[in-house]
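Features of the protein shown, as given by TrEMBL:
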type	residues	note
DOMAIN	13-488	domain 'Major facilitator superfamily (MFS) profile'
TRANSMEM	95-115	transmembrane segment
TRANSMEM	127-145	transmembrane segment
TRANSMEM	151-176	transmembrane segment
TRANSMEM	188-212	transmembrane segment
TRANSMEM	218-239	transmembrane segment
TRANSMEM	304-327	transmembrane segment
TRANSMEM	339-360	transmembrane segment
TRANSMEM	367-389	transmembrane segment
TRANSMEM	395-413	transmembrane segment
TRANSMEM	434-458	transmembrane segment
TRANSMEM	464-482	transmembrane segment
Amino acid sequence: MTEDKITGTLVFTVFTAALGSFQFGYDIGVINAPQEVIISHYEYVLGIPLNDRKAINNYTINSTKELPTVPYLGDSIPTPLVEEETTASASLVTMLWSFSVSSFAVGGMIASFFGGWLGDRLGRIKAMLVANILSLVGALLMGFSKLGPSHILIISGRSISGLYCGLISGLVPMYLGEIAPTTLRGALGTLHQLAIVTGILISQIVGLNFILGNHEQWHILLGLSAVRAIIQSLLLFFCPESPRYLYIKLDEEVKAKKSLKRLRGGTDVTKDINEMRKEKEEASSEQKVSIIQLFTNSSYRQPILVALMLHVAQQFSGINGIFYYSTSIFQRAGISQPVYATIGVGAINMVFTALSVFLVEKAGRRSLFLIGMSGMFVCAIFMSVGLILLDKLAWMSYVSMVAIFLFVSFFEIGPGPIPWFMVAEFFSQGPRPAALAIAAFSNWTCNFIVALCFQYIANFCGPYVFFLFAGVVLAFTLFTFFKVPETKGKSFEEIAAEFRKKSSLAQAPKAAVEMEFLGATETV
């Protein structure tokens, strides 16, 4: 078998699609750096007097230009009534900030259900173009938020950006999985996660106070994604439609061959067409698969449960907790500018995701996932030990720091990128859109739950919180070892047969009959 070659068209197409994933990461990280600046602006817009503002967040304006202040004509002597008003103002600002952050995840949860449906309805390219309208509207609302009621415009803009990212979290992995040659499917699949972490890192860098994260330019920082939306929309016109979509969904064999030849560089595409023909025959024998059927039909139940568990493992591994704790640990370690150390974590995040692009086809998906989870388990224990002994042994802060960097590294080797494209590999054309939609929804929901609950869990458990995550990671590691099949270099039928084999070990030969519904009757 000849090695699948990487063509200019394939590189251009993957880069263009990954711009959507980059936006996903940028929107995740962009709100964090200018937090105090935006809160300060909320207080100004809401007409909270400067004295009360200082009482609320004890924030000193670092910029040379101060925000215009509302004159305060009241008595300067604090009274119970003034204190009550200050507390009420603080609660209002906290609530508005909380909405500004979490509205993004709510938008993502809603839209994640429609990514696969939109891709099937319009085609992958047109679906990404339509999604960019949402990205542009969200970016413009946030970009002009300084000129109006900023809290309303930012919450609205973040919600609409969340809708865009919810669609993209299903569309991009699906498109990348369908245009990639079999031998490069894993490597190209990890580019979705690489683009996300690159977006997070860039948002952290441009959000620094001396770049865009200041009182004069924070609205530009939030609205900058409009530029990416316009650039990607223009580039998408030059990208070939998914050959799988053209052949299997639209029955356009000539167009599918033309698209394949553009992607493969004019080489013989008979092998790809034969694989798609086989998949189409299976898809035609399959009924239309709904999300409900993924769980009620025994043929799909095990693959969808495994897919969901991979996404739950990714979010519940404690990675968000790491980013929450990292700044305070870096501060206690005596680093004067912990924001740069946090950017360092983001850079390591990106480097190891890039490394996984090369490793995923060498070591295999399952192996990397297991290595990543095992490493995270050890790091989580060291982190908790470091945090517990921090007051007794000063050098323990460095143990915690090293554990943070290693934890992030192990996360990006396996649990970070792999769940996104493994779901696309588990399912043939029929059930794939529904499977990607429910997987993306579970990822967003877990993300929202972690964002909502982590603060309370951290307050309750204190430095012991990472022992809890270590236990969760260990449980998911064991689940992966016993239940997740290797998908490296295998066709969809072979992967279905792997599930049949694993299922038969637990359920006896009955499972083999059930899996015939998937058309996976060949001997592997």
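Cβ atoms are placed via backbone N, Cα and C, with glycine included.
Note: TrEMBL annotation is automatic and uncurated.
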Residues of the parent chain within Cβ reach of the transmembrane segment (339-360), under 8 Å, 6 or more residues beyond its termini: 29, 33, 186-187, 189-191, 193-194, 197-198, 200-201, 204-205, 208, 322-323, 326-327, 330, 368, 401, 404-405, 408-414, 416-418, 488
Stretch contact, the transmembrane segment (395-413) with the transmembrane segment (304-327), Cβ-Cβ under 8 Å, 3+ pairs: yes
CB contact flag for the transmembrane segment (464-482) and the transmembrane segment (304-327), at least three pairs under 8 A: yes
Contact call for the transmembrane segment (304-327) against the transmembrane segment (434-458), three or more Cβ pairs under 8 Å: yes
